[in-house]
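Colleague: Can you read through this structure? Questions will come right after.
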Amino acid sequence: MLQYEFMQNAAIVATVISILCGVIGVFITARHLSFLTHTMSEIGFSGASFGLWMGWTPLNGMLLFTILSALVAGSFNKNKPLKSTVISLISAFFMGLGVLFLSISQASSSYATNILFGSIVGISRGDAIQISLIAFIELIVIVLMYRQLKFDFFDPVGAQGGIRFSGTINLIFLMMMSLSVSIVSQIVGALLVFALLTLPAAAAQFWGKTVHSLIIWSIIFALIGTWSGLALGYWTNLPVTFFITTIETLIYLVAWGSSKILN
């Protein structure tokens, strides 16, 4: 399976993104940012479509739009988030905008399918290097800010008095989240980003008791989903995204069920 270059690229990206999702997903679920993650992915869809219209790669267009959305989201007080109706309105607008950009760019329907549902086996070596570099930088930032992130996200009340730059930390994390949404979309697509960014971390909450253990379990669950999904997609010639999302859902259900039985 790995004798082919496209599968090598897919395996590299799947591994790197799984590790990133396992780490950052723990903080996303701790702050209950899953809905914002989904909104960013839909904004990213319009960004990818915009990139096609401008003659860029979809990833670069998606990075532009999601980073801008993170800057806007960071301007709001984290204790007074946007109402869900406003977020839904923003999501609907940008999905429509994405359709418009696809239409005027005269892109084929396969482009729309790849953006919405991912195409990990279509990732080039250049894309794999770019995605790996972004993920590596994010992981370095998380390591450097780990203590502050853990305090701010898992003890927000204490963080208000204990961390001087809590607002800055929040903005930096939103920026990292926007980058994660963009590169994760290359695997599972803009519409199913939450499958890797939130499901492994959510499942880890049933087994992990500390932040360290949450991250370890989350990474393991993400790797199981991507590696198994990639292998099953190769052997069956069915969409890899289907297998990844199905496996991650099953992992969550097993973790939830086992916690109920043991407790």
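Numbering starts at 1 and runs along the chain as displayed.
A Cβ is built for glycine as well, from the same backbone N, Cα and C atoms used for every other residue.
TrEMBL labels come from automatic prediction, so no person has curated them.
Quick caveat, the model's predicted, so the values are computed rather than measured.
OK, TrEMBL features for this one:
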TRANSMEM  12-30  transmembrane segment
TRANSMEM  50-74  transmembrane segment
TRANSMEM  86-108  transmembrane segment
TRANSMEM  128-149  transmembrane segment
TRANSMEM  161-181  transmembrane segment
TRANSMEM  187-207  transmembrane segment
TRANSMEM  214-234  transmembrane segment
TRANSMEM  240-258  transmembrane segment
Colleague: Mind checking which residues of the chain, 6+ beyond the ends of the transmembrane segment (187-207), have their Cβ under 8 Å from one of its Cβ atoms?
Modeller: 13-14, 17-18, 21-22, 24-26, 28-29, 34, 37-38, 40-42, 44-45, 48, 62, 114-120, 180-181, 213-219, 221-222, 225-226, 240-241, 244-245, 248-249, 251-252, 254-256, 258-259
Colleague: Would you confirm whether the transmembrane segment (128-149) and the transmembrane segment (240-258) meet the contact rule of 3 or more C-beta pairs below 8 angstroms, pairs 6 or more apart in sequence?
Modeller: no
Colleague: Look over the recorded stretches 12-30, 86-108, 240-258 and say which has the most C-beta pairs under 8 A to the transmembrane segment (214-234).
Modeller: 12-30
Colleague: Who are the chain neighbours of the transmembrane segment (240-258) in space, where the CB to CB distance is under 8 Å and they lie at least 6 residues beyond its ends?
Modeller: 10, 117-118, 120-121, 187-189, 192, 195-196, 199-200, 202-204, 206-207, 221-222, 224-226, 228-230, 232-233
